[in-house]
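Have a look at the structure below, then the notes.
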Amino acid sequence: MQGENYTIWSFFFLEGFSRYPRLEIVLFVLSLIMYLIILLGNSTLVVITVLDSHLHTPMYFFLGNLSFMDICYTSASIPTLLVNLLSSQKTIIFSGCAVQMYLSLAMGSTECVLLAVMAYDRYVAICNPLRYPIIMNRQVCVQTATVSWMMGCLTALLETSFALQIPLCGNLVDHFTCEILAVLKLACTNSLLMDMIMLVVSILLLPIPMLLICISYIFILSTILRISSAEGRNKAFSTCGAHLTVVILYYGAALSMYLKPSSSDSQEIDKIISLLYGVLTPMLNPIIYSLRNKEVKDAVKKLLGKILLHHTQL
């Protein structure tokens, strides 16, 4: 159908890395391996946080949510990426593009809020340990996780619904997924309303949670430095170290994507950052959280023991 000066597109071409055909094979192998690691690592964390009673604490409740989010986030984009890396026809239908855009935004936005909630959980655990079970009770944990999901899903719905109503003067998306910034570059005219929505949501979900995380860690650090024993300080640092590492990885990539100067027009750099943001971070999350965590290691060993015992009895 023809509009005034634009077409309503029924499908999109995803350019991805088609300018570098040799690189596509390498990226396919690496992306497939990383996706399998993401599914295995994060699924394991979800299962053990549900099944192991020793992990029924606020920290692991939020970690289970984070792992489930990473599975959903990567599953919204990586399967399409893998297919397109091997295909000569790199296309996606309009509805598929809309779903992919929404899920990526929803999971990414929810994770921004959840990381701030997890920082507050660590703040209460270290700075107010006696009242920790009262402040971070089961009801509070469920409510804060629900609010995180609702904020992420609603802001994503707002962005996606407005983005897909903007007239587009082409259907060649210079990206490997229907990433919102790449799709908006096809807009026939500048939309002040869309720019304002993107700016407000970006500030709401990036600098504000980051500020709350920084404030939490300032209080955490001041409390840790007052701990007299070296063992106590090391334990406190190891408790927060994993979360802080994930925060730096996640927000570093997200801020570089969504809050960079508007004059920057390097789409190839955007693709690399997006791949890092969408694949590497979710893959590293379970590794980072379990590397120095005895409780997680013990829970995984227990789960593997049960699986092996079940197979030997068959």
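Just so it is clear, glycine is given a Cβ too, placed from its N, Cα and C backbone atoms.
Look at TrEMBL and you will find 41-289 tagged as domain 'G-protein coupled receptors family 1 profile'. For 25-48, 60-86, 92-120, 140-158, 196-224, 236-259, 271-291, the entry in TrEMBL reads transmembrane segment.
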Ranked first among 92-120, 140-158, 196-224, 271-291 for CB pairs under 8 angstroms with the transmembrane segment (236-259): 271-291
So which of 25-48, 60-86, 92-120, 196-224, 271-291 is most in touch with the transmembrane segment (140-158), counting Cβ pairs under 8 Å? 92-120
